[in-house]
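Per Swiss-Prot, the features are:
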type     : residues : note
COMPBIAS : 43-55    : compositional bias 'Polar residues'
REGION   : 43-289   : region 'Disordered'
MOD_RES  : S62      : phosphoserine
COMPBIAS : 80-90    : compositional bias 'Polar residues'
COMPBIAS : 91-109   : compositional bias 'Basic and acidic residues'
COMPBIAS : 136-152  : compositional bias 'Polar residues'
COMPBIAS : 153-168  : compositional bias 'Basic residues'
MOD_RES  : S166     : phosphoserine
COMPBIAS : 175-186  : compositional bias 'Basic and acidic residues'
COMPBIAS : 193-216  : compositional bias 'Basic and acidic residues'
MOD_RES  : S205     : phosphoserine
MOD_RES  : S259     : phosphoserine
MOD_RES  : S262     : phosphoserine
MOD_RES  : S288     : phosphoserine
Amino acid sequence: MDYYYCPSLLKLLRYLWNQLKQCFSRRAPEAKDTDTLVQEADSQYGTWADQHQNGGSFGPESPSPDSSAASVGKQPPGSHLSSYTESTSVEQRDSSRDRRSSSVDRSSSELESTDGPEGPPPSDVCPAQEDDFSFIHQTSVLDSSALKTRVQLSKRSRRRAPISHSLRRSQFSESESRSPLEEESHSTWMFKDSTEEKSPRRDESDEEPPRVERTPVSHPQRMPVFPGMDPAVLKAQLPKRSEVDSPGDSLSWTPQPKSPKSPFHPGVLGSRVLPPSTEKEERSEECSPQWLKELKSKKRQSLYENQA
């Protein structure tokens, strides 16, 4: 049935098929259960003797719908067919009227259902379909400012290389030299909004005063080596020592083998002398001859002259 392309013909065939089904499958309204028939009196239906007395009529005196089924069972086979055809013809006439009225209603409803896609859609469906897409106009543009700030913060919080010791010392000295007011101004950066645009004039004016204040940082205050001593007294004692040492330098220099010597002399390039042990020097002086001692003393004198 799905392969027909004419909807009106399809409806007509369906209507005829339904009528045929109802004709063959409908139960007779006069038929009743056997229990109810047994309870009823036999006088209503009559007996075989009564029927012979009445002139051979095989039906009851008062035709009623309830007694028709019993009379059909008692009639002979010849009259059974005639009575059945008469009853079915009457029933079909009555039922055909009801079916026509109901079929008109059904056909009109089926025409509306089958011709739905060809004809215009009903008025109730159109506004529902339009309202389905109304949420598109209500949506607002997404605010991506929060995502931008997250990206900026993640860039700032990336791991940096460790600061060298020289930078740490300079920062430490700068923090010591700063005044408490400057520290407060530097600490308030955490409470400022980084998204606010700063004017370039303010940045220049803010950068200039710290430059002037940071100039003395390059020359830190020198701590005294001897805190208990007066520096003026120490300076007065230094020239006295130089005067005492100067006459000794003018005299012939005498070697002092027991004094320890420095392992490296910066004046002589590439010359390194190990400090001789005192025990070896004493043994060498006792065992070595006079000419060897003079030779060693000359070498020492030449080394010190080159250094001077």
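Any Cβ shown, glycine's included, is placed from N, Cα and C.
Classification of S166 (phosphoserine) by DSSP places it within a helix. In sequence order, the list of same-chain residues 6 or more apart from S288 (phosphoserine) whose Cβ falls under 8 Å from its Cβ is empty. Counting every protein chain shown, 8 other Cβ atoms lie within 10 Å of the Cβ of S166 (phosphoserine).
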